[in-house]
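Going by TrEMBL, these are the annotated features:
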- 25-47: transmembrane segment (TRANSMEM)
- 41-287: domain 'G-protein coupled receptors family 1 profile' (DOMAIN)
- 59-78: transmembrane segment (TRANSMEM)
- 98-120: transmembrane segment (TRANSMEM)
- 140-164: transmembrane segment (TRANSMEM)
- 204-225: transmembrane segment (TRANSMEM)
- 237-259: transmembrane segment (TRANSMEM)
- 271-289: transmembrane segment (TRANSMEM)
Amino acid sequence: MALGNFSGVTEFILLGFSDTRELQVLFFTLFLLAYVMVLLGNLLIIVTVSTDPKLSSPMYILLCNLSFLDICSTSVISPRMLVDLLTQRKSIAFEDCIAQIFFLHFVGASEMFLLTVMAYDRYAAICKPLHYTTIMNRQVCWALVSACWAGGFLHSLVHTVLIIQLPFCGPNTIDSYFCDVPLVVPLACTDLYLTEWLMASNSGLISLVCFLVLIASYIFILVTIRVRYTQGCGKALSTCGSHVVAVTLFFAPCIFIYLQPSSASPSNKHICMIYTIFSPMMNPLIYTLRNQEVKTSMWKLWKRCRV
């Protein structure tokens, strides 16, 4: 039985960014450029790490998985958004909307967990250097990566199950460019108090806890560097600072949007652009430009491709 048969609503209308044709063309150009940059930047990291045997440590395995998740997360939203910017009536079928929510939260939660694991990996490498090969060998690394994907799947499954059981019989207009839990749930024709708080706890608390763990790990790293090492402290501070900026751009909008009941949350579509479009575009720059090994491998790959 189709999902739409459980409610009177068979599609949702997305209002997008603007009804002005000129602005739509401008947004299409900007978002297409951003999407291409996300694909090229993250694919370059995946190919570089996969083809260079020297980049086989847990840190690079995690970086490769982060790039793959960035491609997936932006691909859940960007292609349809780009098509909608060129059409007058921006509608999405009920089933497609639910599928978009599922994959968005599946990939998004998996990336949150993975960023937390990446911070733990750096903590183990810097603060526990003598035990690092035991704490974070390849087997442990792949087990943690699998746990990130499994956690993301369970997180998204909870949201999806709760949403498909809601009755939708009235308004079907979404003031955004994609389907998401805080945008779809308030449209249901039932008492949403318990459902909203369950979903806020699910997404909001996960975002907040992961972010706090990340910040704590970077604080431990900086304290350890300051106490143990006299050289390289400035470089480490700069690198950790750029990483904190990257994770803050990803987590802060999620915490703001999801750590509150859906009925109390406005559209926030411009805030959503930060973690759905710009954060996946910035990650390749932040996590590779300060890594000499990755830059050297990219240069070798470039020279091999030119031959």
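Glycine residues also receive a Cβ, built from the backbone N, Cα and C atoms like all the rest.
Keep in mind that TrEMBL annotations are predicted by a computer and have not been checked by a curator.
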Contacting positions for the transmembrane segment (204-225) when only residues 6+ beyond its ends and CB under 8 Å are counted: 109, 112-113, 115-116, 119-120, 122-123, 126-127, 155, 232-233, 236-237, 240, 243-244, 247-248, 251-252, 254-255, 258-260
The transmembrane segment (98-120) versus listed stretches 59-78, 140-164, 237-259, 271-289: most Cβ pairs under 8 Å: 140-164
Seg_contact(the transmembrane segment (59-78), the transmembrane segment (237-259)) with at least 3 CB pairs under 8 angstroms, min sep 6: no
